[in-house]
Amino acid sequence: MSSSFSCCIVFLSVICFCTKICSADSDNLQDTCPTSPSAKQTIFINGFPCKNPNNNIAPDFKTSNLTKAGNTDNFFGSSLNIVTAAEWAGLNTLGLSIARTDIRLDGLVPLHSHPRASELFFVNKGIVLAGFFDTQNRAFQKILKEGDVFVFPRGLLHFSLNAGYDLATAYSVFNSQNPGVVAIAGAMFKTDLDMIYKMTKGFLSDHIKNVTFPDSSSLNRQQFRNFNPII
């Protein structure tokens, strides 16, 4: 009897553990739960308070925050705009968020991770080299063309860079209403641009040396040497 009880406990523990790691955010308990537009938040919970269901309207479930290209006139030549439940009321409790990435010619989205979500990365325009690094520092990277989709596993460092001749645009979906962003170089060397350069483009150069770029890609081997003098 004792042995059967112990096996049951172990089995239930495994089931609970598997359920936990497969689920990003907690399950919602009603059909929808748009964020309440309260003026001042006095109670802080894991998520946002819901508005009265009788006051839900169709605009709660629509956003236009990703219709315009982001500003790529910066050090890395890229823009990442993540829309979470904080900006889009209808996402609250659904365990989803969305983002738009714009990368100018030879621009780069530096190494970063999302601690609370995996990411599906869809290339809408241009040619993009995308990749991530696992906990053994192995690189998984591919050249993506329009219509291609790549997945960045939760919590792993990943990057993307423009490998085409024009502005590249990609859209991402996360399995969390607040995936979070941890930019390693920016967090550690925010005011040291030379160090940031080495931590991003320098680090990536060691892993991208053997990438075969398609004929339509502007980022061939010689151009990539110019892109990063460390090679």
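Positions of Cβ are set from backbone N, Cα and C atoms, glycine also.
Cys50 is paired in TrEMBL with Cys33, the candidate among Cys22, Cys33 named as its disulfide partner. Cβ atoms within 8 Å of the centroid of the Cβ atoms of His112, His114, Glu119, His158 (the Mn(2+) site) belong to the same-chain residues Ser113, Phe132, Phe152, Leu156, Leu157, Pro179, Val181, site residues excluded. Distances between the Cα of Cys50 (disulfide bond) and those of the binding-site residues His112, His114, His158 are shortest for His114.
The two recorded residues, Cys33 (disulfide bond) and His114 (Mn(2+) binding site), show a Cα separation of 24 Å.
Of all the Cβ atoms in the protein chains shown, 25 others lie within 10 Å of the Cβ of His114 (Mn(2+) binding site).
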